[in-house]
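K.L.:
Residues or ranges marked as 6'-bromotryptophan in Swiss-Prot: W24. The 3,4-dihydroxyarginine annotation in Swiss-Prot covers R26. The 4,5-dihydroxylysine annotation in Swiss-Prot covers K27, K30, K34, K38, and the record cites similarity to another entry as its basis. Summarising the annotation, Swiss-Prot assigns 3',4'-dihydroxyphenylalanine to Y36, Y41, Y42 (among others). Residues or ranges marked as 5-hydroxylysine by Swiss-Prot: K40, K44. Annotated leucine amide per Swiss-Prot: L54, in sequence order, evidence recorded as similarity to another entry. Here Swiss-Prot flags 1-22 as signal peptide, drawing on sequence analysis.
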Amino acid sequence: MQMKATILIVLVALFMIQQSEAGWLRKAAKSVGKFYYKHKYYIKAAWKIGRHALGDMTDEEFQDFMKEVEQAREEELQSRQ
């Protein structure tokens, strides 16, 4: 049932892209597609590494990881100012 709903959503989205007069959505999708095609091996490798690294974490380890990510983001923002 979920697969049918996903397929329906994709088909509606494709129809909306086709009917878009401005074509900006089609251009954006094409740009994302080109980026993915060009870097798909790196994207897939990063996805596998991320799933492997995060998949073995307990909830506490994941919370600590997210705190470290947030802290690194804040430090990056402060260094830009």
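Backbone N, Cα and C define each Cβ position, glycine as well.
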K.L.:
Show which residues of the chain containing K27 (4,5-dihydroxylysine), separated from it by at least 6 in sequence, have their CB under 8 Å from its CB.
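P.N.:
When sequence neighbours closer than 6 are ignored, K27 (4,5-dihydroxylysine) has nothing within Cβ distance under 8 Å.
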K.L.:
For K30 (4,5-dihydroxylysine), what is the secondary structure by DSSP, using just helix, strand and coil?
P.N.:
helix
K.L.:
Nearest by CA distance to K44 (5-hydroxylysine): which of the modified residues is it, out of W24, K30, Y36?
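P.N.:
Ranked by Cα distance from K44 (5-hydroxylysine), first place goes to Y36.
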K.L.:
Considering Cα atoms only, can you say which of K30, K40, Y41 is the nearest neighbour of W24 (6'-bromotryptophan) among these modified residues?
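P.N.:
The smallest Cα gap between W24 (6'-bromotryptophan) and any of the modified residues is with K30.
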K.L.:
Can you check which residues sit near Y41 (3',4'-dihydroxyphenylalanine), meaning Cβ under 8 Å from its Cβ, same chain, 6 or more apart in sequence, and list them in order?
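P.N.:
The answer is none.
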K.L.:
Once the DSSP letters are reduced so that anything not helix or strand counts as coil, what is K40 (5-hydroxylysine)?
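P.N.:
Note: K40 (5-hydroxylysine) is helical by DSSP.
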K.L.:
I'm trying to understand the geometry here, so how far is the Cα atom of K38 (4,5-dihydroxylysine) from the Cα atom of K30 (4,5-dihydroxylysine), in Å to the nearest whole number?
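P.N.:
Here the two Cα atoms lie 12 Å apart.
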K.L.:
Within 10 Å of the Cβ of Y36 (3',4'-dihydroxyphenylalanine), how many other Cβ atoms can you find? Include all protein chains, please.
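P.N.:
By my count, 11.
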K.L.:
In terms of Cα spacing, which of the modified residues R26, K30, K34, Y36 are within 10 angstroms of Y42 (3',4'-dihydroxyphenylalanine)?
P.N.:
Y36
K.L.:
Could you measure between K40 (5-hydroxylysine) and the residue listed as '3,4-dihydroxyarginine' for me? Cα positions, answer in whole angstrom.
P.N.:
20
K.L.:
Taking the Cβ of K44 (5-hydroxylysine) as the centre, count every other Cβ atom within 10 Å, in any protein chain shown.
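P.N.:
Its Cβ shell of radius 10 Å holds 11 other Cβ atoms.
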